[in-house]
Amino acid sequence: MPIVCGPHFQKHWYNWWRGTLYWVGYGAVYLPEGFQEEVILAGLCIEGPEYPLVLYPTVMNSLPATSRMQKISVLLFLAWVCFLFYAGIALFTSGFLLTRLELTNHSSCQEPPGPGSLPWGSQGKPGACWMASRFSRLVLVLIDALRFDFAQPQPSHSPGEPPVSLPFLGKLDSLQRILEIQPHHARLYQSKADPPTTTMQRLKALTTGSLPTFIDAGSNFASYAIVEDNLMKQLASAGRRVVFMGDDTWKDLFPGAFSQAFFFPSFNVRDLHTVDNGILEHLYPTMDSGEWDMLIAHFLGVDHCGHKYGPHHPEMAKKLSQMDQVIQGLVERLENDTLLVVIGDHGMTMTGDHGGDSELEISAALFLYSPKALFPGAPPEEPEIVPQISLVPTLALLLGLPIPFGNIGEVMAELFSEVEDSQPHSSALAQASALHLNAQQVSRFLHTYSAAAQDLQVKELHRLQTLFSKASADYQRLLQRPQGAEAALQTVITELQQFLRGVRAICIQSWARFSLGRMAGGAALMAAACFLCLLVSQWATSPGFCFRPLLTPMACGLAGTIVCAGLLTTTGLKLDPVVLGAMAAAGSLLPFLWKAWAGWGSKRPLVALLPIPGPVLLFLLIRFAAFFSDSFVVAEARATPFLLGSLILLLIAQLHWEGKLLPPKLLTIPRLCFSASTGPPRHNGTHALGLGVGLLLCIRLAGLFHRCPEETPACHSSPWLSPLATMVGGRAKNLWYGACVGALVALLAAVRLWLRRYSNLKSPEPSVLFVRWGLPLMALGTAAYWALVSGADEAPPRLRALVAGASVVLPRVVAGLAASGLMLLLWRPVTVLVKATTGAPRTRTVLTPFSGPPTSRADLDYVVPQIYRHMQEEFRGRLERTKSQGPLTVAACHLGSVYSAAMVTALTLLAFPLLLLHAERISLVFLLLFLQSFLLLHLLAAGIPITTPGKYISQP
């Protein structure tokens, strides 16, 4: 009887017991003796089960068995590959994620920052440390993400022009009113934050006066205690009482630094009111009690509103109005010895995000107010721009505290003017004294840091120290003759400011400077390791391949590198362990690559090793090269779809030129695992052309969802990427919600239809049952979560607690279901359903070639032969028992998707947690992504050549 199956099998010869080997094209299938009746192998075609082919028997007496690789050699080779990758990654990150040395030195009142007497005006005054204190109390209001333009008034419009109305403008009108009524008591500054603009790095800068480095950005969600000298430690050392309320990030940064604290959770960005309302509950009673010297209130509502709605939403206006009322209440309760500081730690983008270095992200508001006169003149028309870290030395000297040891900020000299003294000489001398103290502290830090680390430029350091020495000498001469030297005082102030700004510039340049040599070396080392894996993966398929010869050049290279490192060490040179590891990796890799080039390159070109079609490889190289061009990176949203569309057109043209297009329907016969359909044979490019047109359409639709980098000029992000909660109109929100749920249902339906077409939903296995019932539950939970978060603010007050709880529980349930499905899939990744029918009722048996994940190469390469072995064992006795009942028909379902079904299921399960992490309308993007993946795979499969011996025949 003929054996019927689909056309696609990989070329793996396998020698089983006795029997007949049936082959088709370049694939092989073993059918043991005893199966002399008709056997139908359903669903073997990649594109679909419509085109069965007939297998004809051929006798293979001797087939080469797979070579046995020595375990020790394989383990050594894998360890070598891991070492190569780790060495490359370490070398690259050492050049990219630069860090600076954190000094643990502390400033104290007993140790002045430099030689000389106390500054002018501090002798004999109470509370004098380095400088006499001007305030005994401080109220620090930190409004997270308070962008500078949030504090600006609504601009006046010219006649005939429409007024500019933005939700965030003019809502902090109390600041402008104070500036107009009390110009000598208040100032508004534009504070410039240093990137990265994440909360933990900004808090560190606002308390230490230092600069965060790139490596610190990774600890934003795992904050740890600050070891450097900071304002909190200085306050504690001076016995000041610090009361905190707000963001619980401070708890990890400054453990035990507060005499009283009210912490609230900070990372639920969808909660706009819990932290702010908790602060307001304790703020005014604490102020009225008077049991504090420094009061810190860290509000999060503005930042969370930006993340949830964006700055242009009406909710932002409500939140800023609430902050305005808070500022008014604080101003009314301030006493003359108290300074009020209102500051934003960073800004936000047009979409409410932060973390980068765009102008909107680094621009924050800084407002200072005191009930007594603080400034000698009226505020300027345009607010002054000051570095954010300048607040640290300024507050330290105003409170009579030592400046933190690692500070590199410059004091805001305007605040140290003698307002009550009408003599301009006195104000200039007071400013020069504050700047000189600040410069002495920075010079001491530079001297200590340069002795412990060598990452600052020596020539520039020498120039700055010379400038400081000259300015310090001029200042000491002025102290001896203070009268009649106004011009000389201004020169000293200018010199000190130049020194402080030069120090900050050199630190920014050194601590944020990439090491291009290390980055290039690490990338080259990882690329060479990938090429090594490619070579070995191709050689491993050859008969008789052994890993042991690969280890010889590796051992020689390592030995040579160790000898060279030993010789360098004996000469007294200091070797960086990262560089030493990279040298060892390169030394072990170069002999192998030379041997591979000499041995393999002389026989056949190395390009033949690449298992990637030529067009795909070409466009991958173009895409890789684009990352080295700033203009392509900026225009990435337009360049990438163009390259992908060009690739699709080239693939279709290549398939047409080479005549590799699959015939859509050649022959169809009735089968047990799916319904059949008939159609006339035809052979043209309509099938591939339809796939290409569908791909191009999906690419065009995906282009509607794009987010512009902040540095991209004249670019506007898609408004469809914002959450539904940011929409004001109820009808539009409902329509978009329906579209999102429809996309989610379409995605789930597409996956289920694909699995059903290949008969992957007929098995009673747990993983299959989870796909049938678990995925709909996950989709239902996701849709319910979207409904809650998009309309949480519209819920009745008595249901808001329930909505908030459900908004937390539903994502966890969906994530738990996804994890359960992945565990079931890992337990039984490959399942084949086998049906046997005779004159008796139909029987069903589920066969799995192995349990759990694949443990060897044979598990991956020989799935189908193992299934036949199971079939032989399962039906050996049944063949004898059913001979009298008629011929036995055995059907093995979904063999053609034995790998892809597990992969598609895993990707679908992973998609649900990702959907919960993004805005609702991202579901449309996920649907397009899955459609593009299916269409592209089918288009690539259309180019697989099919050759069959004999004729196509129908079922007898």
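Using N, Cα and C of the backbone, Cβ positions are placed for all residues, glycine too.
All annotation found in TrEMBL is predicted automatically rather than curated by experts.
Here TrEMBL flags 74-98 (among others) as transmembrane segment.
Under the heading transmembrane segment, TrEMBL lists 516-537 (among others). Packing against the transmembrane segment (516-537) from elsewhere in the chain are residues 77, 81, 84-85, 87-96, 547, 550, 578, 582, 585-586, 589, 592-593, 596, 600, 609-610: each is 6 or more residues past its ends and has a CB under 8 Å from a CB in it.
The transmembrane segment annotation in TrEMBL covers 549-569 (among others). Within its own chain, the transmembrane segment (549-569) has Cβ neighbours under 8 Å at 73, 76-77, 80, 536, 575, 580, 583-584, 586-592, 594-595, counting only residues six or more beyond its boundaries.
TrEMBL lists 575-594 (among others) with the feature transmembrane segment.
Annotation comment: TrEMBL describes 606-627 (among others) as transmembrane segment.
Here TrEMBL flags 639-657 (among others) as transmembrane segment.
Annotation comment: TrEMBL describes 735-755 (among others) as transmembrane segment.
According to TrEMBL, the transmembrane segment annotation covers 767-789 (among others).
Counting same-chain residues at least six beyond the ends of the transmembrane segment (801-827), those with a Cβ under 8 angstroms from any Cβ of the stretch are 270-271, 766-767, 770-771, 774-775, 777-778, 781-782, 784-785, 788-789, 792, 795, 851-853, 902, 905-906, 909-910, 912-913, 916. The transmembrane segment annotation in TrEMBL covers 801-827 (among others).
Residues 744, 747-748, 751, 754-755, 758, 760, 767, 771, 775, 778-779, 782, 785, 811, 814-815, 817-818, 821-822, 825, 829-830, 832, 863-864, 923, 926, 930 of the same chain, all 6+ positions outside the transmembrane segment (898-917), place their C-beta atoms under 8 angstroms from a C-beta of that stretch. The transmembrane segment feature in TrEMBL is assigned to 898-917 (among others).
For 924-946 (among others), the entry in TrEMBL reads transmembrane segment.
Through the fold, the transmembrane segment (767-789) approaches residues 270, 723-725, 737, 740-741, 744-745, 748, 751-752, 755, 760-761, 803, 806-807, 810-811, 813-814, 817-818, 820-821, 824-825, 827-829, 831, 905, 908-909, 912, 915-916, 920 of its own chain, all at least 6 residues removed from its boundaries and within a Cβ separation under 8 Å. Residues 724, 727, 761, 771-772, 775-776, 779, 782-783, 786-787, 790, 897, 901, 904-905, 908, 911, 915, 920-921, 923-924, 926-927, 930-931, 934 of the same chain lie 6+ residues outside the transmembrane segment (735-755) yet bring a C-beta within less than 8 angstroms of a C-beta in it.
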